[in-house]
Amino acid sequence: MVLTYFLLVVACWIIGFVLWKKIYASR
Amino acid sequence: MLTNSSVVLWTVVLLLVIYFAFVTWIGKRGSAHSHSMNGFATARGKVSPVLVGASFATSYASANLFIGVPGLAYEYGTSVLWYTLGCFGVSWIGLLLFAKAFWRYGKKLGRVSTLPEWLGRRYNSKTLQVLVTVLILFNVYYIVGQNVGLATIFETVIGIPYEWGIVIGVTITILYIGLGGAFAQMVTDGLQGILMAVTSVLIMVSLFWTIGGGFNVFGVLTTQLEAIDPGLTGAVGTDGPYNSVLAIMAVQFMLFSFVLMPHLLNKVLSIETEEELAPFTMSAGIILCIISILMVLGGLAARVLFPALESADSAIPVYVIEAFPGVIAAIMIVGIISAILSSTDSLYLGVTTSIGNDFYRVVAPLFMKNISDAELDQKSVKVAKGALIVVGLVSLYFSLERPESLSILIQFSFSAIISGIIAPITLGYFWKYANNYGAIASLMTGTTLYVVFTSFNIVENIYLAMFFSSLAGFAIMGAISALTSKGSDQDLLLRKSG
């Protein structure tokens, strides 16, 4: 369970980072 | 009394004295900014966006995440991990989606420093601005939760009776805020972020020696939890607030909309230029991740190591004292105290600024016809500073009776606020026909329904209650705005201010 939890945290990072790139970091 | 408690006690006291001295020094440097309402509330443009991001994350993570949620994990097991996962993942994604839109709109409306002001300008309604301020008073319960967190620490670590812990907690908090102001708050939040991150990582690392099992530490933890009660290791709980897939989805909805809390959105408004939103959101994400996902593991470990605690909320303080040597434990206790103070200061500042800026400043001119703008601004700051003591005393009174779970109490307070403001904020941005009649009706409906649902146990699960009352808020707002809208309110407003 706890390992799945950390995997889901990583998944959120990927989604968040893609959104961040798209919305905030595009020059 | 614990054996090494005197070492812990004096180290904690020493660290707090150093810490408060630092805050006072920073506050002195920033006091030039805090005489006008705008400076008192946001310290705009004086602080690096990375620090504002840290401030967002540390305000987000309070006694709820550092004591309350590990307490729930102690009680209900791994199903609580959905909550902390959402605290980082869903809330950060929420911030990324809302921040730019909210910030741009704030710019269009002119200089706004608080959420009630934003709503008041968007809907061109002083009534709405005052009503949102009244709604923000629900945050007093949020502050009560923080007081309970401090008292629980003092009780566990030093053996001070709960009631005295509350009095000491409120005194420390008021002193801390009185020393600083928004500028000191932002700068010290960076320091607190580091302290909170260190505490969180230490909790995670400590599992290797308290639970053991090398790299299979989480496997061992799960096996031992299962031995106590198989219900503790499911993805969906058998008991408690996370006992259905629907409830877990409603939790994610709540955490997604949690970034709309006034004391957090005020941080977005203190960003000066659009370019600075990028470092702000990234810094908020990184710090929020570290400080929100790890503490809960301490609650799970405490269930294995100390299965017979009297109050589940004391899981983390007991775990810290038992798992670490005195000086390290003291540093971590100060880390938890700073998690509480960094949220409480934003909450107090949010409540008192709204009382000064959105209530007094709007209502006072109705009674004092010929007051000058400068005089009104000065008086508003005075009212805000006076409200600090009043709010502190009210929260002290409410804290004297210990709540069963501080996490549930805190979640009640912010769900009541969000149920009222979610539709006016989101529809105000996305739908040009949204108007003040709809917004006022939605605010009243959402919050009233939430309080009724939870008080009379109509909807037992607090998360589902929030989901349904928010939904009702959207429906009412849509219906009333559509019926009363005369052309596009938004165009009219932007033409006026632009």
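Even glycines carry a Cβ here, placed using N, Cα and C.
Per TrEMBL, these features apply:
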- B:6-26: transmembrane segment (TRANSMEM)
- B:47-68: transmembrane segment (TRANSMEM)
- B:80-103: transmembrane segment (TRANSMEM)
- B:123-144: transmembrane segment (TRANSMEM)
- B:164-183: transmembrane segment (TRANSMEM)
- B:195-221: transmembrane segment (TRANSMEM)
- B:241-265: transmembrane segment (TRANSMEM)
- B:277-306: transmembrane segment (TRANSMEM)
- B:318-341: transmembrane segment (TRANSMEM)
- B:406-430: transmembrane segment (TRANSMEM)
- B:437-456: transmembrane segment (TRANSMEM)
- B:462-483: transmembrane segment (TRANSMEM)
Query - the transmembrane segment (B:406-430) touching the transmembrane segment (B:318-341) per 3+ Cβ pairs under 8 Å rule - result: no
**Report entry** For the transmembrane segment (B:6-26), distant same-chain residues with Cβ under 8 A (at least six beyond the ends)
**Finding:** 157-158, 172, 175-176, 179-180, 183-184, 187-188, 191, 321, 326-327, 329-331, 333-334, 337-338
Query raised in the report: In the same chain, which residue numbers or ranges, 6 or more beyond the ends of the transmembrane segment (B:80-103), come under 8 angstroms Cβ to Cβ?
Result: 56, 60-61, 65, 69, 72-73, 118, 235, 237, 240, 242, 248, 251-252, 255-260, 265, 268-269, 271, 274, 277, 280-281, 284-285, 288-289, 292-293, 295-296, 299, 425, 429
Report summary line: When counting C-beta pairs under 8 angstroms to the transmembrane segment (B:195-221), the leading stretch of B:241-265, B:277-306, B:406-430 is B:277-306
Report summary line: Most Cβ pairs under 8 Å to the transmembrane segment (B:241-265), of B:47-68, B:277-306, B:462-483, goes to B:462-483
